[in-house]
Amino acid sequence: MRPARNPIHIVSVWVQRQPPKVKAFLAVVLGIVALMVLRFIVHDHDNLFVGAEAVHSIGILVLIFKLTKERTCAGISLKSQELTAIFLAVRLYCSFVMEYDIHTLLDLATLATTLWVIYMIRFKLKSSYMEDKDNFALYFVIAPCAVLALLIHPSTSHYFVNRVFWAFCVYLEAVSVLPQLRVMQNTKIVEPFTAHYVFALGIARFLSCAHWVLQVLDSRGHLLVALGHGLWPSMVLISEIVQTFILADFCYYYVKRLALVFYLVISTNNFSSMLNFLS
């Protein structure tokens, strides 16, 4: 009797064998399907942005749990945390002077926890920080984002400096995870809690991207007009899409691994695999 074949493994092997163009097409189709599902089950699409902030906060809480439980920051990129703190601080400033709402409170909470993570890495757990692996040069992302913000920013009635800051935090958020991905690439091994954190970032980025895309669809393009004229409206959408695709590959392998673990748990009634995956 032939042993039952793992359907998840069969699908994943088939996907891996496909050329890059087919993989990209499958990713786009899956993203469109996910957007359609969200459009029908989430009636107020502003909740998607709130959800993105909430998931990001959950990711930070996972890092806090790792730092307090294991007393190590191995595998965590300090530079990604610093970039996150920068764009959150700038976005908070923009929120206070331009549009104070629930998003401001969520950003404030996320910034506070991010600063705590930075403090722990820099001072309390410095001995376990992989500084040699966290070698992504910050000026490679900060400088281009600043220049791009000066060139392409909202054309609203706010002060010029505030409009440039707004654009800067949008662009910086899109690439803030790059140092973390570089650390994971350099170490070759992804620690579980770090993997959960990066996956949470991927979900948060997708929800934020879905929020903007669905808002544009619901307003039949009027939202783009409200954001101003020129290239800025398009750059907002492009930034959201870029940060989603940056994490898409990692999220694919994370979900694949999670699905395989679930399959093993169901087929063998052995929950140790799930516990090992989570911790």
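The backbone N, Cα and C atoms fix where each Cβ goes, and this holds for glycine too.
A TrEMBL annotation is a machine prediction, not a hand-curated record.
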Out of 44-63, 104-123, which range is noted as transmembrane segment by TrEMBL? 104-123
List, by number or range, the same-chain residues at least 6 past the transmembrane segment (164-181) whose CB is under 8 A from its CB atoms? 76-77, 79-80, 83-84, 86-88, 90-91, 93-94, 98, 134, 136, 138, 141-142, 144-146, 148-150, 152-154, 158, 194, 198, 201, 232, 235-236, 239-240, 242-243, 246-247, 250
